[in-house]
Amino acid sequence: MGFSPSFSCSAIGALILGCLLLQASNSNAQLRPDFYFGTCPFVFDIIGNIIVDELQTDPRIAASLLRLHFHDCFVRGCDASILLDNSTSFRTEKDAAPNANSARGFNVIDRMKVALERACPGRVSCADILTIASQISVLLSGGPWWPVPLGRRDSVEAFFALANTALPSPFFNLTQLKTAFADVGLNRTSDLVALSGGHTFGRAQCQFVTPRLYNFNGTNSPDPSLNPTYLVELRRLCPQNGNGTVLVNFDVVTPDAFDSQYYTNLRNGKGLIQSDQELFSTPGADTIPLVNQYSSDMSVFFRAFIDAMIRMGNLRPLTGTQGEIRQNCRVVNPRIRVVENDDGVVSSI
(Lines of atoms letter the chains of each structure in order from A and count residues from 1; the text may use other names and numbers.)
(Lines give C-alpha, C1' and ligand atoms only; values in the text may rest on other atoms or scores of the structure.)
Protein backbone atom coordinates (compact mmCIF):
# COMPACT_ATOMS: atom_id res chain seq x y z
CA MET A 1 0.00 0.00 0.00
CA GLY A 2 1.46 3.36 -1.01
CA PHE A 3 1.90 6.33 1.27
CA SER A 4 -0.94 8.83 1.19
CA PRO A 5 -1.48 11.99 3.21
CA SER A 6 -5.24 11.52 3.07
CA PHE A 7 -5.46 9.06 5.95
CA SER A 8 -5.19 11.84 8.50
CA CYS A 9 -7.79 14.15 6.98
CA SER A 10 -10.65 12.81 9.09
CA ALA A 11 -8.79 13.85 12.21
CA ILE A 12 -8.75 17.45 11.04
CA GLY A 13 -12.40 17.49 10.07
CA ALA A 14 -14.12 18.32 6.82
CA LEU A 15 -14.88 21.92 7.72
CA ILE A 16 -11.36 22.76 8.83
CA LEU A 17 -9.92 20.94 5.83
CA GLY A 18 -12.10 22.93 3.47
CA CYS A 19 -11.01 26.20 5.05
CA LEU A 20 -7.36 25.20 4.84
CA LEU A 21 -7.69 24.24 1.19
CA LEU A 22 -9.23 27.62 0.47
CA GLN A 23 -6.48 29.36 2.44
CA ALA A 24 -3.74 27.39 0.71
CA SER A 25 -5.19 28.08 -2.73
CA ASN A 26 -5.44 31.81 -2.04
CA SER A 27 -2.10 32.19 -0.25
CA ASN A 28 -0.22 32.73 -3.51
CA ALA A 29 -1.95 33.17 -6.83
CA GLN A 30 0.35 30.77 -8.68
CA LEU A 31 0.73 28.09 -5.99
CA ARG A 32 -1.97 25.51 -5.43
CA PRO A 33 -2.24 22.13 -3.65
CA ASP A 34 -3.30 20.29 -6.82
CA PHE A 35 -0.41 21.55 -8.96
CA TYR A 36 0.90 18.03 -9.70
CA PHE A 37 -2.40 16.16 -9.87
CA GLY A 38 -2.18 15.85 -13.64
CA THR A 39 1.58 15.76 -14.18
CA CYS A 40 2.88 13.73 -11.21
CA PRO A 41 -0.06 12.34 -9.23
CA PHE A 42 2.08 10.07 -7.04
CA VAL A 43 4.48 12.75 -5.85
CA PHE A 44 3.30 12.45 -2.22
CA ASP A 45 3.51 8.65 -2.34
CA ILE A 46 7.05 8.72 -3.68
CA ILE A 47 8.34 11.27 -1.18
CA GLY A 48 6.40 9.76 1.72
CA ASN A 49 7.60 6.22 1.12
CA ILE A 50 11.21 7.38 1.05
CA ILE A 51 10.81 9.20 4.37
CA VAL A 52 9.17 6.14 5.92
CA ASP A 53 12.13 4.07 4.76
CA GLU A 54 14.71 6.57 6.01
CA LEU A 55 13.06 6.78 9.43
CA GLN A 56 13.77 3.09 9.96
CA THR A 57 17.47 3.83 10.37
CA ASP A 58 17.52 7.57 11.10
CA PRO A 59 14.84 8.81 13.53
CA ARG A 60 16.32 12.32 13.26
CA ILE A 61 15.59 12.70 9.58
CA ALA A 62 12.05 14.07 9.96
CA ALA A 63 13.22 17.00 12.08
CA SER A 64 16.22 17.51 9.80
CA LEU A 65 14.02 17.83 6.70
CA LEU A 66 11.74 20.34 8.42
CA ARG A 67 14.78 22.39 9.46
CA LEU A 68 16.14 22.25 5.91
CA HIS A 69 12.90 23.73 4.58
CA PHE A 70 12.98 26.47 7.22
CA HIS A 71 16.59 27.36 6.40
CA ASP A 72 15.76 27.42 2.69
CA CYS A 73 12.76 29.72 3.01
CA PHE A 74 14.52 32.27 5.22
CA VAL A 75 17.17 32.93 2.57
CA ARG A 76 15.61 34.64 -0.47
CA GLY A 77 12.46 32.52 -0.25
CA CYS A 78 11.58 28.85 -0.71
CA ASP A 79 13.61 28.18 -3.85
CA ALA A 80 15.84 25.20 -2.95
CA SER A 81 18.92 27.43 -3.01
CA ILE A 82 20.12 25.66 0.15
CA LEU A 83 20.47 22.42 -1.82
CA LEU A 84 23.00 23.78 -4.32
CA ASP A 85 26.63 22.71 -3.99
CA ASN A 86 29.57 25.04 -4.62
CA SER A 87 30.09 26.15 -8.21
CA THR A 88 32.30 28.55 -10.11
CA SER A 89 29.47 31.10 -9.93
CA PHE A 90 28.58 31.05 -6.24
CA ARG A 91 29.42 29.65 -2.83
CA THR A 92 26.98 27.17 -1.35
CA GLU A 93 24.68 28.11 1.53
CA LYS A 94 25.75 24.83 3.11
CA ASP A 95 29.01 26.56 4.11
CA ALA A 96 27.23 29.38 5.95
CA ALA A 97 27.61 29.31 9.74
CA PRO A 98 23.97 28.36 10.50
CA ASN A 99 24.23 25.36 8.14
CA ALA A 100 27.84 24.17 8.24
CA ASN A 101 28.18 20.76 9.86
CA SER A 102 24.57 20.87 11.06
CA ALA A 103 22.17 21.04 8.10
CA ARG A 104 21.49 17.49 6.93
CA GLY A 105 19.14 15.41 4.81
CA PHE A 106 20.61 16.41 1.45
CA ASN A 107 21.16 12.79 0.47
CA VAL A 108 17.51 12.03 1.21
CA ILE A 109 16.39 14.89 -1.04
CA ASP A 110 18.71 13.47 -3.72
CA ARG A 111 17.01 10.11 -3.38
CA MET A 112 13.58 11.71 -3.77
CA LYS A 113 14.67 13.65 -6.83
CA VAL A 114 16.05 10.55 -8.55
CA ALA A 115 12.80 8.66 -7.91
CA LEU A 116 10.66 11.55 -9.15
CA GLU A 117 12.77 12.05 -12.28
CA ARG A 118 12.13 8.40 -13.10
CA ALA A 119 8.38 8.73 -12.53
CA CYS A 120 7.79 12.28 -13.78
CA PRO A 121 10.84 13.62 -15.64
CA GLY A 122 11.32 17.36 -15.41
CA ARG A 123 8.10 17.98 -13.51
CA VAL A 124 8.70 18.33 -9.77
CA SER A 125 10.98 21.10 -8.53
CA CYS A 126 13.49 20.61 -5.74
CA ALA A 127 11.80 23.47 -3.88
CA ASP A 128 8.50 21.58 -3.90
CA ILE A 129 10.21 18.33 -2.94
CA LEU A 130 11.64 20.02 0.14
CA THR A 131 8.28 21.61 0.98
CA ILE A 132 6.38 18.33 0.65
CA ALA A 133 9.07 16.45 2.57
CA SER A 134 8.77 18.82 5.51
CA GLN A 135 4.99 18.41 5.64
CA ILE A 136 5.14 14.61 5.47
CA SER A 137 7.91 14.56 8.08
CA VAL A 138 5.67 16.42 10.51
CA LEU A 139 2.74 14.13 9.74
CA LEU A 140 4.73 10.92 10.20
CA SER A 141 5.98 12.21 13.56
CA GLY A 142 2.46 12.65 14.93
CA GLY A 143 1.80 16.18 13.74
CA PRO A 144 -0.96 17.58 11.54
CA TRP A 145 -1.58 17.26 7.82
CA TRP A 146 -2.20 20.34 5.70
CA PRO A 147 -2.68 21.08 2.00
CA VAL A 148 0.69 22.19 0.65
CA PRO A 149 0.56 24.95 -1.97
CA LEU A 150 2.78 23.78 -4.84
CA GLY A 151 4.22 25.08 -8.09
CA ARG A 152 7.53 26.55 -6.94
CA ARG A 153 10.54 26.57 -9.23
CA ASP A 154 14.21 26.34 -8.33
CA SER A 155 16.77 29.09 -7.94
CA VAL A 156 19.77 29.13 -10.27
CA GLU A 157 22.03 30.62 -7.62
CA ALA A 158 22.85 30.31 -3.92
CA PHE A 159 23.13 33.11 -1.36
CA PHE A 160 25.97 32.34 1.03
CA ALA A 161 26.30 35.84 2.50
CA LEU A 162 22.57 36.17 3.12
CA ALA A 163 22.44 32.76 4.77
CA ASN A 164 24.97 34.04 7.29
CA THR A 165 22.78 36.99 8.27
CA ALA A 166 19.13 36.09 7.63
CA LEU A 167 18.80 32.90 9.65
CA PRO A 168 17.89 33.32 13.34
CA SER A 169 20.68 32.44 15.76
CA PRO A 170 20.15 30.05 18.69
CA PHE A 171 21.66 32.84 20.82
CA PHE A 172 19.12 35.50 19.80
CA ASN A 173 16.99 37.31 22.34
CA LEU A 174 13.31 37.89 21.66
CA THR A 175 13.77 41.27 19.99
CA GLN A 176 16.33 39.81 17.60
CA LEU A 177 14.08 36.85 16.84
CA LYS A 178 11.13 39.09 16.01
CA THR A 179 13.31 41.20 13.74
CA ALA A 180 14.66 38.16 11.88
CA PHE A 181 11.17 36.82 11.28
CA ALA A 182 9.72 40.20 10.29
CA ASP A 183 12.59 40.79 7.86
CA VAL A 184 11.42 37.86 5.73
CA GLY A 185 7.73 38.74 5.99
CA LEU A 186 6.70 36.65 9.00
CA ASN A 187 5.57 39.54 11.17
CA ARG A 188 2.90 37.87 13.28
CA THR A 189 3.79 36.85 16.82
CA SER A 190 2.09 33.55 16.10
CA ASP A 191 4.49 32.94 13.19
CA LEU A 192 7.46 33.08 15.54
CA VAL A 193 5.94 31.06 18.36
CA ALA A 194 4.33 28.39 16.17
CA LEU A 195 7.33 27.85 13.88
CA SER A 196 9.62 27.66 16.90
CA GLY A 197 7.48 24.67 17.85
CA GLY A 198 9.33 22.79 15.14
CA HIS A 199 11.87 22.23 17.92
CA THR A 200 9.45 19.82 19.52
CA PHE A 201 11.51 17.09 17.88
CA GLY A 202 15.09 16.76 16.69
CA ARG A 203 18.49 17.48 18.23
CA ALA A 204 20.93 20.34 18.72
CA GLN A 205 24.69 20.30 19.13
CA CYS A 206 26.24 21.12 22.50
CA GLN A 207 28.08 24.09 20.98
CA PHE A 208 24.73 25.88 20.73
CA VAL A 209 23.85 25.08 24.34
CA THR A 210 27.02 25.42 26.42
CA PRO A 211 27.23 29.26 26.55
CA ARG A 212 24.02 29.43 28.57
CA LEU A 213 25.20 26.62 30.86
CA TYR A 214 28.47 28.22 31.96
CA ASN A 215 28.81 31.81 30.78
CA PHE A 216 25.45 33.28 29.85
CA ASN A 217 25.91 36.67 28.17
CA GLY A 218 29.42 36.94 29.61
CA THR A 219 28.30 36.62 33.25
CA ASN A 220 30.34 33.49 34.07
CA SER A 221 27.06 32.10 35.37
CA PRO A 222 24.31 29.96 33.83
CA ASP A 223 21.17 31.37 32.27
CA PRO A 224 18.90 32.11 35.27
CA SER A 225 15.85 30.97 33.31
CA LEU A 226 17.14 27.37 33.23
CA ASN A 227 15.39 24.85 35.43
CA PRO A 228 18.04 23.86 38.06
CA THR A 229 17.52 20.13 37.56
CA TYR A 230 17.65 20.54 33.80
CA LEU A 231 20.84 22.59 34.14
CA VAL A 232 22.53 19.73 35.97
CA GLU A 233 21.46 17.28 33.26
CA LEU A 234 22.61 19.54 30.43
CA ARG A 235 25.98 20.08 32.08
CA ARG A 236 26.37 16.33 32.26
CA LEU A 237 25.61 15.99 28.55
CA CYS A 238 27.58 19.09 27.52
CA PRO A 239 30.57 19.53 29.85
CA GLN A 240 32.52 22.77 29.68
CA ASN A 241 35.22 22.55 27.00
CA GLY A 242 33.72 19.24 25.90
CA ASN A 243 32.86 17.98 22.41
CA GLY A 244 30.69 20.67 20.86
CA THR A 245 29.19 18.31 18.27
CA VAL A 246 27.53 16.02 20.81
CA LEU A 247 23.77 15.93 20.17
CA VAL A 248 21.11 16.75 22.75
CA ASN A 249 17.35 16.27 22.37
CA PHE A 250 15.33 19.46 22.04
CA ASP A 251 12.51 17.75 23.92
CA VAL A 252 13.54 15.47 26.79
CA VAL A 253 10.04 13.99 27.15
CA THR A 254 9.02 13.03 23.59
CA PRO A 255 12.18 13.64 21.53
CA ASP A 256 10.98 12.22 18.20
CA ALA A 257 7.28 13.14 18.39
CA PHE A 258 5.70 16.23 16.90
CA ASP A 259 3.49 17.45 19.73
CA SER A 260 3.06 20.43 22.07
CA GLN A 261 5.46 19.20 24.75
CA TYR A 262 7.97 21.82 23.57
CA TYR A 263 5.79 24.57 25.02
CA THR A 264 5.30 22.76 28.31
CA ASN A 265 9.07 22.46 28.51
CA LEU A 266 9.42 26.22 28.05
CA ARG A 267 6.98 26.83 30.88
CA ASN A 268 9.12 24.58 33.07
CA GLY A 269 12.40 26.31 32.20
CA LYS A 270 13.48 23.41 30.01
CA GLY A 271 14.00 25.09 26.66
CA LEU A 272 17.22 23.71 25.21
CA ILE A 273 18.59 26.78 23.43
CA GLN A 274 18.36 30.42 24.43
CA SER A 275 16.18 31.49 21.50
CA ASP A 276 13.55 28.94 22.53
CA GLN A 277 13.40 29.85 26.21
CA GLU A 278 13.22 33.56 25.33
CA LEU A 279 9.65 32.99 24.13
CA PHE A 280 8.51 32.34 27.70
CA SER A 281 11.13 33.88 29.96
CA THR A 282 11.22 37.41 28.52
CA PRO A 283 9.25 39.49 31.06
CA GLY A 284 5.96 40.83 29.71
CA ALA A 285 6.47 39.34 26.25
CA ASP A 286 3.45 38.91 23.98
CA THR A 287 4.75 35.43 23.18
CA ILE A 288 4.02 34.13 26.69
CA PRO A 289 0.22 33.79 26.27
CA LEU A 290 0.74 31.82 23.05
CA VAL A 291 3.23 29.48 24.74
CA ASN A 292 0.66 28.89 27.48
CA GLN A 293 -2.12 28.34 24.96
CA TYR A 294 -0.17 25.93 22.76
CA SER A 295 1.00 24.01 25.82
CA SER A 296 -2.56 23.61 27.08
CA ASP A 297 -4.24 22.76 23.77
CA MET A 298 -2.26 20.90 21.11
CA SER A 299 -5.00 21.39 18.51
CA VAL A 300 -4.57 25.16 18.81
CA PHE A 301 -0.83 24.75 18.28
CA PHE A 302 -1.40 22.52 15.26
CA ARG A 303 -3.71 25.07 13.63
CA ALA A 304 -1.25 27.88 14.27
CA PHE A 305 1.62 25.77 12.95
CA ILE A 306 -0.27 24.95 9.76
CA ASP A 307 -1.03 28.61 9.18
CA ALA A 308 2.58 29.64 9.79
CA MET A 309 3.97 26.86 7.58
CA ILE A 310 1.76 27.88 4.68
CA ARG A 311 2.81 31.51 5.15
CA MET A 312 6.49 30.55 5.32
CA GLY A 313 6.16 28.25 2.31
CA ASN A 314 4.90 31.17 0.27
CA LEU A 315 7.86 33.44 0.92
CA ARG A 316 9.05 34.80 -2.45
CA PRO A 317 8.46 31.66 -4.52
CA LEU A 318 9.77 31.45 -8.06
CA THR A 319 6.86 30.59 -10.36
CA GLY A 320 5.91 30.56 -14.03
CA THR A 321 9.06 30.98 -16.10
CA GLN A 322 11.23 32.14 -13.20
CA GLY A 323 14.13 29.91 -12.20
CA GLU A 324 14.06 26.34 -13.44
CA ILE A 325 13.15 22.75 -12.57
CA ARG A 326 16.53 21.30 -11.65
CA GLN A 327 17.42 17.86 -12.93
CA ASN A 328 19.77 17.42 -9.97
CA CYS A 329 19.00 19.36 -6.80
CA ARG A 330 22.70 19.98 -6.14
CA VAL A 331 23.50 21.78 -9.40
CA VAL A 332 21.80 24.16 -11.80
CA ASN A 333 20.85 22.73 -15.16
CA PRO A 334 23.39 22.95 -17.98
CA ARG A 335 22.91 26.11 -19.98
CA ILE A 336 22.13 25.38 -23.64
CA ARG A 337 23.62 27.82 -26.14
CA VAL A 338 22.75 27.75 -29.84
CA VAL A 339 25.66 28.52 -32.19
CA GLU A 340 26.08 28.68 -35.96
CA ASN A 341 29.38 27.73 -37.63
CA ASP A 342 30.91 29.19 -40.78
CA ASP A 343 28.96 26.76 -42.95
CA GLY A 344 25.64 27.85 -41.47
CA VAL A 345 25.19 24.68 -39.45
CA VAL A 346 23.31 25.33 -36.19
CA SER A 347 24.10 23.27 -33.08
CA SER A 348 23.52 23.37 -29.33
CA ILE A 349 26.35 23.28 -26.82
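Numbering starts at 1 and runs along the chain as it is shown here.
From the backbone N, Cα and C atoms, a Cβ is placed for every residue, glycine too.
Not measured: the values here are computed from a predicted model.
According to Swiss-Prot, Asp251, Thr254, Asp259 bind Ca(2+) 2; the candidate from Thr200, Thr210, Thr219, Thr319 that the record adds to this site is Thr200.
Of the listed residues Cys40, Cys73, Cys78, Cys40 is the one Swiss-Prot pairs with Cys120, by disulfide bond. Looking at Cys73, Cys78, Cys126, the record from Swiss-Prot puts Cys329 in a disulfide bond with Cys126. In the shown protein chains, 28 other C-beta atoms lie within 10 A of the C-beta of Cys78 (disulfide bond). Within 10 Å of Asn243 (N-linked glycosylation site), counting C-alpha to C-alpha distances, fall the following of the disulfide-bonded residues Cys40, Cys206, Cys329: Cys206. For Arg67 (site 'Transition state stabilizer'), the nearest of the disulfide-bonded residues Cys40, Cys206, Cys238 in terms of C-alpha separation is Cys206.
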